[in-house]
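Under the heading active site, nucleophile, TrEMBL lists 120. Annotated active site, proton donor per TrEMBL: 397, in sequence order. As annotated by TrEMBL, disulfide bond applies to 109-449, 248-501, 300-317, 472-480. Residues or ranges marked as transmembrane segment by TrEMBL: 49-69.
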């Protein structure tokens, strides 16, 4: 309705004529009485016109105020350009997480041992998800009757993502990671080759090999063939593998496997419906479900990391506000916390084997474990050497979340609520994006410092954030004496509830 039509409608409210007959004066009614009645009628007409004037004035003021103070919101026109890739959950490219303690090696200290546990680089969606995304795009294009402003790109959008493999950007991430590892620990890396292992997925193996290429390129000389030597741990069923979960039956198929979906479902019912309603309004005929609405958001990071250097932001990103991305990131954090972390009764258990291998590497003593370790590999000098100064392991986000939990890195984080979102800074530094993004890295380093030459200290850094080690009398630099740190890993040393995997 236009402004003039609105004004006319308001006027009609006050001025509509009554189509009836005038009353016949009663017998004996005087002229003065009739005049008084006419004056009262004129007064009523004046009051009507006065009310009309006030109504029109209010309407004009409201219209002018709304027009100047309420510009179209970005999510109505697909123009939300302040999207942060740090809010894409585990699909975020790795970034330097804010740290209360400087991740630089403290002055007067020298690193004597360094290990990296890394997630693979940015990838295409998994095969099952890629098919769901493709089908969604095709259905939208076959059923939507009108594409609103900002949504037009969907009409001709070509879904071209593959499945499971590293993108070009993901390859570069891992090369950069290898270079960064060398630059940080060059006092060790000049003459020392890292011992490298990888879980058996192709994207993980390729991540490991690209890491080594970056490491040796930064060093300026090869490793006498070591850059091609990656010990691959198969992800086949029944093969004990500390870089991939899969051998704990109760975790894979029991009640523990359902915890994350239940927790996520509560939060999903709160934050997704308004977004789904908006998308369905601007894409009439789409009839998107709550899950499909989340798929629309998934396409933002996946489409972006598929571009060179992840430099071209996907148009899907612009359909959602920054606060909606915060809700999305929290949804992913619930997945990691209740699926593989402290929020799952068997989540930390999946990382126990790797933690016991870490203890062996830190102490130079053989692996003591009865969980997911492979005794044949861990008992051999060629497949599990001790006494090395540099180690590099490559895995998946879910396994890394379990390792963090088994180490107790986020023991002081309360269980994440499902009825509201909590920022990472208020969750003890935990979120999917802060802990397990694409190319995530955890450094475990030992060091000696001036005045304490007889005492080695250990420190843990997750994506450039120093994690305060509070279970072993950590100092102001977040470090613990090695012996006390090993003692603090009692959950892993005691088997980490592995017996519950088969009950």
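In case you wondered, yes, glycine gets a Cβ from its N, Cα and C as well.
What TrEMBL says about a protein is an automatic prediction, not a curated fact.
Positions of the features from TrEMBL, shown on the structure.
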residue : record                    : DSSP class
109     : disulfide bond            : strand
120     : active site, nucleophile  : coil
248     : disulfide bond            : coil
300     : disulfide bond            : helix
317     : disulfide bond            : helix
397     : active site, proton donor : helix
449     : disulfide bond            : strand
472     : disulfide bond            : coil
480     : disulfide bond            : strand
501     : disulfide bond            : helix
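The closest partner of the residue listed as 'active site, nucleophile' among the recorded positions, by CA position, is 397; the full candidate set was 300, 397, 472. If you compare Cα positions, residue 109 (disulfide bond) sits closest to 397 out of the recorded positions 300, 397, 501. If you draw a 10 Å sphere around the CB of residue 248 (disulfide bond), it holds 22 other CB atoms from the protein chains shown. Checking each of the recorded positions 248, 397, 480, 501 against residue 300 (disulfide bond) by C-alpha distance, the shortest gap belongs to 397. Of the candidate disulfide-bonded residues, 317, 449, 472, 480, the one lying closest to residue 248 (disulfide bond) when CA atoms are compared is 472. Neighbour count (other Cβ atoms within 10 Å of the Cβ, all protein chains): 22 for the residue listed as 'active site, proton donor'. The Cβ of residue 472 (disulfide bond) lies under 8 Å from the Cβ of 480, 481, 484, 485, 487, 488, each of these being in the same chain and 6 or more residues away along the sequence. Looking at 300, 449, 480, 501, the disulfide-bonded residues in this record, the fewest other C-beta atoms within 10 angstroms of the C-beta turn up around 449. Cα spacing between residue 501 (disulfide bond) and the residue listed as 'active site, proton donor': 21 Å, rounded to the nearest whole number. On a Cα basis, residue 317 (disulfide bond) lies 47 Å away from residue 449 (disulfide bond).
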